[in-house]
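Encoded as C-alpha cells, the structure appears first; notes follow it.
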C-alpha cells in the first residue's frame with residue numbers, strides 16, 4: 001500500500017497549503033480505507049464465487065460489456081501510468097545515489113541511462129509467472145518503503161527549517177494556483193492507489209466457509225493502512241514544514257545530508273519500485289496474455305511471456321525517458337484515473353449491487369463520499 005508517491009507529498013502540500021493540504025490528506029486516508037473495505041467485502045459477496053479482478057466486479061455490477069468498458073480502460077491507465085512513474089522514480093533515485101556517492105568526482109551521466117539500467121532489471125523480473133512468484137520481492141519492497149520514508153522525515157527534522165522558509169502557495173497567479181491545486185489533489189490521489197490490485201491480492205488468500213478470505217485480508221489492510229498513516233503523514237507534513245514551497249517534487253532530491261543516509265534511502269527507493277513495478281505490471285501481463293491466447297490464438301508459454309512482457313517494459317521505459325517529469329506525471333495520472341478507481345467506483349458498485357435503502361447509513365455514507373470527491 002505504501003507507494004513511491006509519498007515522496008511527492010511535501011510538494012503536493014506546497015501546492016495546496018497547510019489547511020487544504022492537511023484536510024485532503026486526512027479525508028483521503030479515511031475515504032480510501034472505507035472503499036478498500038468495500039472492495040474486500042465484495043470479493044466473495046456471491047456464494048461460491050470470487051471476483052478475482054476489478055473488471056469482474058464491474059461486469060457483475062454493470063453487465064458483461066458495460067462493466068468491462070467502465071473498469072478496464074481506467075484500470076489499465078492506472079497500472080501502466082504507475083509503471084511509467086516507477087520507471088522514472090527508479091532512474092532518478094539511481095542517479096541521485098550515483099551523484100551522492102561520487103560527490104562530483106565522476107563523469108555526469110544522463111538520467112535516461114539510469115532509467116535504462118532500472119529497466120534492465122525489470123526485463124528479467126517480469127518473466128516471473130505470477131503474484132506468488134514475486135512474494136519475496138514484494139516483501140522487500142514493503143520493508144524498503146518503511147525505511148526510506150522514515151529517513152525522509154527524520155532527515156528533514158534533523159535539518160530543521162530552511163532559512164527563509166516560505167509557506168505561501170507556489171503559484172502567484174490565479175490560473176497558476178488553480179492548476180497547482182488540481183495537481184496537488186492528483187498527487188495525493190496517486191499516493192493512495194492500492195485498490196487496483198487488491199482483488200488480485202485477495203484472490204491469492206485461501207478461503208473456506210469458516211474462514212472467508214475477507215477476514216485475513218481485512219486484518220492485512222488494517223496493518224497496511226496503519227503503516228500508511230505512519231509513513232505518509234510525517235513525510236508530507238515534516239517535509240513541507242522544513243522546506244516550504246522550495247521543496248522538490250521528490251523529497252529525497254531536496255535532501256542532501258547526511259550523504260551516506262540519503263544515498264542509502266535512494267537505493268531503498270530503487271529496491272521498492274523494482275517490486276512495486278511488478279505488482280502493478282502483473283495484472284497488465286495477465287490481461288495481455290489472456291487476449292493474445294483467447295482472441296488471437298497465440299500459444300501460452302515462456303515464448304509469449306518473453307515477447308509480450310518485454311515489449312511492455314520497453315514501452316514504459318521509452319515513455320519514462322521521453323517524459324521524465326515525476327511530479328507532473330503523478331498529478332496528471334492521479335486526477336485522470338486514480339481518483340475514479342480508488343474513490344468513485346467502489347462506492348458506485350456498492351450502491352448498484354447492494355441497493356441500500358434510501359437514507360440508510362450505507363446509502364448516506366456512499367453518497368456523501370461520492371459528493372465530497374465530486375466537489
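Backbone N, Cα and C atoms are what each Cβ position is placed from, and that goes for glycine too.
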In TrEMBL, which of the ranges 134-155, 156-177, 178-199 has the transmembrane segment annotation? 134-155
If you check TrEMBL, which stretch out of 111-128, 201-218 is marked transmembrane segment? 111-128
For the annotation transmembrane segment in TrEMBL, which listed range does it cover: 332-353, 354-375? 332-353
